[in-house]
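Marked as N-linked glycosylation site by Swiss-Prot: 193, 220. Annotation source Swiss-Prot lists transmembrane segment at 23-43, 263-283.
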């Protein structure tokens, strides 16, 4: 009658040797070569320790209703101006022109965070006035909270000029975050939670655009208005105001941050284990070859059966 294999299992052998033997030394060397080189390979391949990482978050942005406007009324340097800063308005004297401003923020997806700002400024003009360019600063409160809590006062600069006088400037863009250094992974950071412009200052240098921009760019974290297609509309009736319309969106940002210890360890462990598995497989085959073929002298024998041990 033909016989068929119904079950099989490997026979385990035990290889014994004294402590002071070549076999023991071989095992120690194999252990060192199995676990240390993967660590060196992972470390030397760079990126072993995760120095920076990124995550996505929509910031909590709110318009602060602080505005500084300079409208160029000629190509030779004349201008009209207005701001929400009393010190600046006192300094511009007869160049002050009071505009009409409307601003509305929208939360389109109803998640509790504003998604965009609709801003409109109407600057009244005399029939003989012309506008050749504008420089407009809007300020915002900007907050991140998914990892660390980061709070700052930021700004958007709207700037455009043309040799042809205009009736309207239309901007549609994103308020983008710019980082020179990553944020912390936890804690509270209010380093830049200070006004972009000191509203209590009476000095003209405080309101000079070069000084404002220079001071702002010293920050490691800023916002900038990215509006690649500004629209300058010409042709204004004598009684019409000059109009600035801006749609400023608050997009989801990719935030760079310094990961914590456990996150760095998790990332390093994944790299180490992926290389270690290869070394374990290779040196396991080497050990099988050495001991099965008695390259090094050992005493071999089967491992006692657990069932027989209980019977005895």
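The chain as shown is numbered from 1 upward.
Glycine too: its Cβ is placed from the backbone N, Cα and C atoms.
Long-range neighbours of the transmembrane segment (263-283) within the same chain, counting only residues 6 or more positions beyond its ends whose Cβ lies under 8 Å from a Cβ of the stretch, are 30, 33-35, 37-39, 41-42, 45, 47-50, 53, 185.
Across the fold, the C-alpha of residue 220 (N-linked glycosylation site) and the C-alpha of residue 193 (N-linked glycosylation site) stand 13 Å from each other.
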